Amino acid sequence: ALNPEQSLVPYLDGAEDSAMENIVTEKKAEESHRQDSADLLIFIMLLTLTILTIWLFKHRRFRFLHETGLAMIYGLLVGVVLRYGIHVPRDINNVTLSCHVNASPATLLVNVSGKFYEYTLKGEISAKEVDDVQDNEMLRKVTFDPEVFFNILLPPIIFHAGYSLKRRHFFRNMGSILAYAFLGTVISCFIIGLLMYGCVMLMKQIGQLAGDFFFTDCLFFGAIVSATDPVTVLAIFNELQVDADLYALLFGESVLNDAVAVVLSSSIVAYQPTGDNSHTFEAMAMLKSFGVFLGVFSGSFALGVATGIMTALISITLFFTKLRDFQLLETALFFLMSWSTFLLAEACGFTGVVAVLFCGITQAHYTYNNLSPESQDRTKQLFELLNFLAENFIFSYMGLTLFTFQNHVFNPTFIIGAFLAIFLGRAANIYPLSFLLNLGRRHKINSNFQHMMMFAGLRGAMTFALSIRDTATYARQMMFSTTLLVVFFTVWICGGGTTQMLSWQRIRVGVDSDQDNCGPIVPDGMDRRNTKQESAWLFRIWYNFDHNYLKPILTHSGPPLTATLPTCCAPIARCLTSPQAYENEGQLKDDDSDLILNDCDISLTYGDITVSTDASGARMGSQPAANTATSSDELDRELTVGDHELVIRGTRLVLPTRDSELPLALNRSKVTS
């Protein structure tokens, strides 16, 4: 028999071992916390250096390198230091190399002396890197989950693109933008996919292919690299005030083709023919993928517009609850509802990029008008800041990933073939479509515009995010490595050469976007129906319906419904029109003026604001109140003598017939409708 002291020895030993394990676990957790803080500090320092260098470049007026290119350079430098300059001493005693499992489960439960420990899958390590597992652990610390890019970094970038869209010039060129974004992206995808498949066949013949690489992989590569992101070029365009139509074509194409590329890549992944071989051609499977493309895009579009309209209705409801008196709460609610659109679309099986893009466009048109002036400024500045930080973070991470990613596959043949295929795919997108579009456009897309659009087809954040989302196979790893080089080249070379390209193509700079495309005043007797020729007929119908019915219902701006609905609907109109709408009856919002079909040959007059343009596009009106004290009676006489008035359901359209008036943007004298 054992005495009591001897029977307590195993218990005490077990308690001591458990206490020691707890201490070791706490120390490891503390070390991991410090390491994570240091990793985040690296990215904060990268962004700080980028901002300081941007200030220096703007102060010195350097345009040969954009901030995104700077962020990539700093990321490269830090990546080199982390990969080759810092080595963590290896403790091979803490690494078990003899545990063999037939599968790679996401979660693994290990029984160690009766205690169960949970381990999660971090990724594959090649056999030659097993000895450097501790160094790999350090590099993986600065490698983010790809879902971070899609759920956190991409939404503010895409939303800002829609929220800050210059809708007037966008809708003037809507047909061309849709052609480039939809047809052009599909053409580019298949051209690149076919050429890359030929390149892959060549690599197989010469023995440079070390794994499977199917035609669907080539099409997927074509889809992700067809997403253009000319942020560098557009920033220079905005600074130099380049021709507004060229800016609208490039910006509109880049915004929409990102959405198209995301849906197109997901539909290619959804291609599943029947049978054992999932990479053979089958007509029904292709039609199914095409149906997936249409269904996902239309569903995402509808969801984005619906959530945008819902936020407008909620903002009208909250107007009567005096939430506008608390601008911080109002801005926070707007921000959360905007971000939730992306997550809702992803949770429903749609594409969050498409949904949040059209949500931003819808909210800029409706919800923005219901916000208080302070919240309007706050939301614009908030999303502009988030867009700036997210973009520069992604580009910094690109540079870092070139050296920290563990499974790069660089193949010279594939890289050269990719650059050639991307060039030809972009050319097949721009030049044939421009030729066809010019057949129906009154303002032609000139050859210098086409060359500039060809040159400005940069790849950026969307291409990177799509390529890094899945790097499990040999083909996806090669695509990711090649995509990094493509982004580096286009941002540094094409982005840096934008100013020189503008000079070579003799494209106008220093153009006021409000007066762009406005020619001289035409004499009397000339045809003044240019608006119908220059604006899309579908958009003219939509604009009239939106301005007279949707805007008054969803916002407090525009003419009241009592002035636009028929007399028989007067009770319904009075019920749906808020008192604020009557107070704002005489106000023409800046947002509303951005959506005028074509600020040529048209003048909107109601309340105390008159916006008037002649047939050629030059702004018409009288001198502003600051220069001349024009009375109400004088202005009425000026509007009635020599002008033709047309009253359309409460909104007076003034079509000028005199060519002696001075150009003017806005006239804020009191006018009675």
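Cβ atoms are placed via backbone N, Cα and C, with glycine included.
Beyond the ends of the transmembrane segment (40-57), by six or more residues, the same chain brings 63, 65, 67, 70-71, 74-75, 78, 142, 389, 392-393, 396-397, 400 to within a C-beta distance below 8 angstroms of the stretch. Per TrEMBL, the feature transmembrane segment maps to 40-57 (among others).
Marked as domain 'Cation/H+ exchanger transmembrane' by TrEMBL: 50-504.
Summarising the annotation, TrEMBL assigns transmembrane segment to 69-86 (among others).
Through the fold, the transmembrane segment (148-165) approaches residues 251-252, 254-255, 258-259, 338-339, 342-343, 346, 352-353, 356-361, 363-364, 379-380, 383-384, 386-387, 390-391, 393-394, 461-462, 464-465, 468-469 of its own chain, all at least 6 residues removed from its boundaries and within a Cβ separation under 8 Å. According to TrEMBL, the transmembrane segment annotation covers 148-165 (among others).
The annotation transmembrane segment is assigned in TrEMBL to 177-203 (among others).
Summarising the annotation, TrEMBL assigns transmembrane segment to 292-320 (among others). Cβ atoms under 8 Å from those of the transmembrane segment (292-320) belong to residues 259-260, 263-264, 266-267, 270, 330, 333-334, 337-338, 340-341, 344-345, 348-363, 366-367, 370-371, 554-556, 578, 580 of the same chain, restricted to positions at least 6 beyond its ends.
The feature transmembrane segment is assigned by TrEMBL to 332-361 (among others).
Under the heading transmembrane segment, TrEMBL lists 382-403 (among others). For the transmembrane segment (382-403), the residues of the chain that approach it from at least six positions outside its boundaries are 43, 46-47, 50, 67-69, 71-80, 82-84, 142-144, 149, 153-154, 156-157, 159-161, 163-164, 231, 331, 335, 460-461, 464-465, 468, 484, 487-488, 491, judged by C-beta separation under 8 angstroms.
Feature annotation from TrEMBL assigns transmembrane segment to 415-437 (among others). With a cut-off of 8 Å between Cβ atoms, the residues of this chain six or more beyond the transmembrane segment (415-437) that come close are 175-176, 179-180, 183-185, 187-189, 191-192, 195-196, 198-199, 202, 221-222, 225-226, 445, 449-450, 453-454, 457, 459, 482, 485-486, 489.
Sequence annotations record features per position, and here TrEMBL assigns transmembrane segment to 474-498 (among others). Same-chain residues lying 6 or more positions outside the transmembrane segment (474-498) and placing a CB less than 8 Å from one of its CB atoms are 63-66, 68-69, 72, 210-214, 217, 220-221, 224-225, 230, 232-233, 236-237, 395, 398, 401-402, 405, 407-411, 414-415, 418-419, 422, 455-460, 463-464, 467-468.
Among the features that TrEMBL reports, region 'Disordered' is placed at 615-634.
Panel annotation: around the transmembrane segment (177-203), residues 170, 209, 213, 215, 218-223, 225-227, 248-249, 252-253, 255-257, 259-261, 264, 411, 413-414, 417-418, 420-422, 424-426, 428-430, 432-433, 436-437 of the same chain, lying at least six beyond its termini, place a Cβ under 8 Å from a Cβ of the stretch.
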